[in-house]
Amino acid sequence: MYVKQALSATLLGAVALVRADQGAWQQCGGVGWSGSTTCVSGYSCAKQNDYYSQCIPGAQATTPTPPATSAPAPGGGEGSATPGSGAAVANLLVSHYTGNVYSLSLTTSGASGTLSVKQQVRAGGSMPSWLTLDRDGGKVYVTDESTYGSPVLTVVPVSADGTLGSPTTARANGGAVHSILYGGSDGKSFIATAEYDPSSISNYKLPLSSSTQALSRQTFTMSNRGTVPSRQDKPHPHSVITDPTGRFILAPDLGADLIRIFSIDASSGKLTSCANAATGAGDGPRHGAFWVPSSGSTTGTMLYVVNELGNSVSVWKVEYTGTCLSLQKTQTLSTYPAGKSAPSGSKAAEVHVSGNFVYAVNRNDKSFGSTSDSVVTYPIDASSGSISFLEATNAHTYYPRTFQINKAGDMVAFGGQTSSTVAIIARNITSGRLGNVIAQLQVGTPGSAGNEDGLSAVIWNE
């Protein structure tokens, strides 16, 4: 998130869509491909795009969307991860740094599925960076990371079937990399944006119109560079998240090694600063996700923060003290197995919680090949909120900036920024383990590692 430059499209190695149990679905061509161009008996080599051709059953494919299949995880049983049987359709939304928002359709049948682009609209200014969905309201908000020209905040109507309407844009302060809805009687009357390069947080009253202006902008400073001077030259708020009560907004600040905490005035949208929580020096906190224990548990609410610079996840106990929220750190665990150091150039990205499991992604670690990074699974100890390292598995994307678990909990959508691919991976709800690829699709042009180009966000439209 530190290189801000004009968008570019750099050719990457093609993304492999490979069956776990056999090599029949192997790559067989594409620009830069030097491997085998022949397929096993009963399969033919079909061009999916200029960069990727794949062996598929029968005759040559006639559409650019490949069927990507998933097999049960090795060993089956509790470790297997496949969605329910029967054909089903789901929709996703994707933003791309070229200035586009896409609606995708996912059709699944058993362990297999197909992704396709349903619609594409120009939205989000010159650098659409994040998507925040209001499903009940039928709209998605798109932030603009650009700090030059006329940055915007955009709202796009979106129906349950994924149809996109005409965008509405408002002038924004720029540099926004994340947003959250909050306040009002419905928790969706205002939107706050985290602005990385400008070192600020802004908020806006909704509904959004062309005349909307920011209600306020809080800009942060610090007197000295941090432990990682090249990345911690000034405050860099990287995300904004609401706590489970909807009364507070938290903003992990990568540059200042802080988790900034604000109380919410639900009627006016005003954000009032509380005491910040200091992370470890050089952690570089990026994103966070809350966990609320089941009723009857003696464990309170916990916050899990992924640290980009430290390549770790920190566990924080949440305490409500009067008019403010406070945090107490209880644990920090690497995003790599014990005894393994983070590869040079790797950066942890996003974190999510589903059930009693925490998931975090690593970018540019190339754990599963030159264009395949890893996702880490941590079980949560329900008695303490602490986590343990379960496994690192293939995210099937390169530079996974973003991912999201669907509401059913049986599929995870990964967005590879540099590969500009979306991969849908099966998830076992009971064991928490991730399985194989259900479907995969390149969306827009690939980016170049470390630059602000390529695919910026993917979310489920549900």
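The backbone N, Cα and C atoms fix where each Cβ goes, glycine too.
Small disclaimer: the values here were computed from a predicted structure and weren't measured.
Noted in TrEMBL for the protein shown:
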SIGNAL    1-20  signal peptide
DOMAIN    20-56  domain 'CBM1'
REGION    62-83  region 'Disordered'
REGION    224-243  region 'Disordered'
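Nonlocal intrachain contacts for the region 'Disordered' (224-243), taken as residues 6+ away from its ends with a CB within less than 8 angstroms of a stretch CB, comprise 1-2, 177-182, 187, 192-197, 199-201, 249-258, 260, 264, 281-282, 284-290, 301, 308-309, 318, 325. Within the model, the domain 'CBM1' (20-56) shows a mean pLDDT value of 52, rounded to a whole number. As a summary of secondary structure, the region 'Disordered' (224-243) carries 0 helix, 3 strand, 17 coil according to DSSP.
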